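According to Swiss-Prot, the active site, proton acceptor annotation covers Ser515. As annotated by Swiss-Prot, Mg(2+) binding site applies to Asp81, Asp123, Lys124, Glu489. Look at Swiss-Prot and you will find Cys122, Cys193 tagged as [2Fe-2S] cluster binding site, backed by sequence analysis. According to Swiss-Prot, the feature N6-carboxylysine maps to Lys124, an assignment based on sequence analysis.
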Amino acid sequence: MPDYRSKTSTHGRNMAGARALWRATGMKDDDFKKPIIAIANSFTQFVPGHVHLKDLGQLVAREIERAGGVAKEFNTIAVDDGIAMGHDGMLYSLPSREIIADSVEYMVNAHCADAIVCISNCDKITPGMLMAALRLNIPVIFVSGGPMEAGKTKLASHGLDLVDAMVIAADSSASDEKVAEYERSACPTCGSCSGMFTANSMNCLTEALGLALPGNGSTLATHSDREQLFLQAGRTIVELCKRYYGENDESVLPRNIANFKAFENAMMLDIAMGGSTNTILHLLAAAQEAEIDFDLRDIDRLSRKVPQLCKVAPNIQKYHMEDVHRAGGIFSILGSLARGGLLHTDLPTVHSRSMEEAIAKWDITQTDDEAVHHFFKAGPAGIPTQTAFSQSTRWETLDDDRENGCIRSFEHAYSKEGGLAVLYGNIALDGCVVKTAGVDESIHVFEGNAKIFESQDSAVRGILADEVKEGDIVIIRYEGPKGGPGMQEMLYPTSYLKSKGLGKACALLTDGRFSGGTSGLSIGHASPEAAAGGAIGLVQDGDKVLIDIPNRSINLLISDEELAARRVEQDKKGWKPVEQRPRKVTTALKAYALLATSADKGAVRNKAMLDGL
């Protein structure tokens, strides 16, 4: 019998009590010779990306048991960022990532599980589970709930998503009837919101890291093809267990699959597809769990050489995740990166001996396999539903146009530089990030006057009251991991700027973060954050700020002497908002803030503070 981790709780005379409890869960004598595989599900009725997951854990469990394993399912929490947004609920979103990571660790280690199937989907759930998987370093596979279908309405010539509903609601010229129609049409099915927002970005990145099956990031939640991903995940995790515990093959462990080169692959994919800036935060956090020295400087280096090969909402209106799938999904983007000489193709995945082998099999421009072509023709049905695998609609043709299609070749890239950039300067010594894919080229260099807000709430009030004018740079501070606490997303301020016609006339800088639905000159993750003594806390109303994306710089245009003098004064006052914020910070949030690092470290816990405990 292989030397399973689970033997700790299933073998030996002294474990009679534990075995009695295992038997009470349904285990038989023969089961104690099999690997115990944890299924970390994240079903909840609060989140459309998770509302359809209830029965899918048991779908995987049955396949695991057919393949020779023992499956035990548990649940994590899942916060819906869209529902939590715009009020104090958003304070809990990023901290929930740590709770999810810890809960997976607690369950897996407490019960000595041998492997994990992570059933994730939305914004903080995939990152939290990824952090746990790399922390635990036992066989793992990710299978997400899948993206939502794009919304359809006769009032728009393009597909709709959540952001469209938010923008139209803030547009005073839009009728109540139009707002209501957008609201009812924007989110028609179960699944993660239909654009290249944080959830879908992270689920795509699990493919590039080698920890998920092809199609994980792009196959619609409603499509029957997605059922096969869950079934295959169940079979694959048992095979990974056999290789690790039975054959001592350590190459299947997540830290050996998702190594430094794999993180580079994931980041290159993110840059090439113009993914959410939140992915930077989460990849940095996951790298720390894997004990990989991967940081913002690496991301900055990659951003300068990776072109943008894919554009999806919110960066362009005509394409959503269903269109990415039709164009060949993530392995077609990875294939383009490989042919451009950028991708590390020698790395293993949970499903292939190497990324090169996987691309040869799954890139629709490289294979004649009809089954693969059939798979990527899976499309939307346009029928509102909360049921997984409820339709089998197919596109008549694939989008294999690499000159003008959704996914491009190197020669026909949307832009020579990718969709994300890291900026440095005296206002953000440790860096800040911008999704350049969503920024009009006319404002890649922007000088403006600082308009200071001490919270997201006051910024929203100011924007809606027309206090922000053309040429302003909105500064929202004390919204970082420690200062918020919780590093709120700023989708409402950016959406309201857009609705006021200021999307190309203003910029926004914050030590908070942005929804994956954000576009415009929106710069987040300013590090160090204001609450940690960052220079963003020293900016005053009317100060000139220069943003220069081509040169990767952002600077407050005052002398070093003036900046130093302001720091002396701020040290005396303390690094806290000038105005009192009507914000209820609970004990749970205070505990998070106590250990939180700034965004350049992934907003993870400050482990140095814990080392002596």
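Just so you know, glycine gets a Cβ as well, placed from its N, Cα and C.
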Let me know the most crowded of the binding-site residues, choosing from Asp81, Asp123, Glu489 and counting other Cβ atoms within 10 Å. Asp123
Cβ within 8 angstroms of the Cβ centroid of Asp81, Asp123, Lys124, Glu489: which residues besides those meet this for the Mg(2+) site? Val79, Ala84, Ser93, Leu94, Cys122, Thr198, Ala199, Asn278, Ser515
Reading the DSSP string in three states, the entry for Cys193 ([2Fe-2S] cluster binding site) is coil
Starting from the Cβ of Lys124 (Mg(2+) binding site), draw a 10 Å sphere and report how many other Cβ atoms land inside it. 30
Give me the CA-CA distance between Lys124 (Mg(2+) binding site) and Ser515 (active site, proton acceptor), in Å, as a whole number. 12
Using C-alpha atoms only, work out the spacing between Glu489 (Mg(2+) binding site) and the residue listed as 'active site, proton acceptor' and round it to an integer in Å. 5
Given Cys122 ([2Fe-2S] cluster binding site) and Asp81 (Mg(2+) binding site), what distance in Å do their CA atoms have, once rounded to a whole number? 9
Counting other C-beta atoms within 10 angstroms, the emptiest spot among the binding-site residues Cys122, Cys193 is Cys122
What's the CA-CA gap between Asp81 (Mg(2+) binding site) and Ser515 (active site, proton acceptor) in angstrom, rounded? 8
Counting across all protein chains shown, how many other Cβ atoms sit within 10 Å of the Cβ of Ser515 (active site, proton acceptor)? 29
How big is the Cα-to-Cα gap, in Å, between the residue listed as 'active site, proton acceptor' and Asp123 (Mg(2+) binding site)? 9
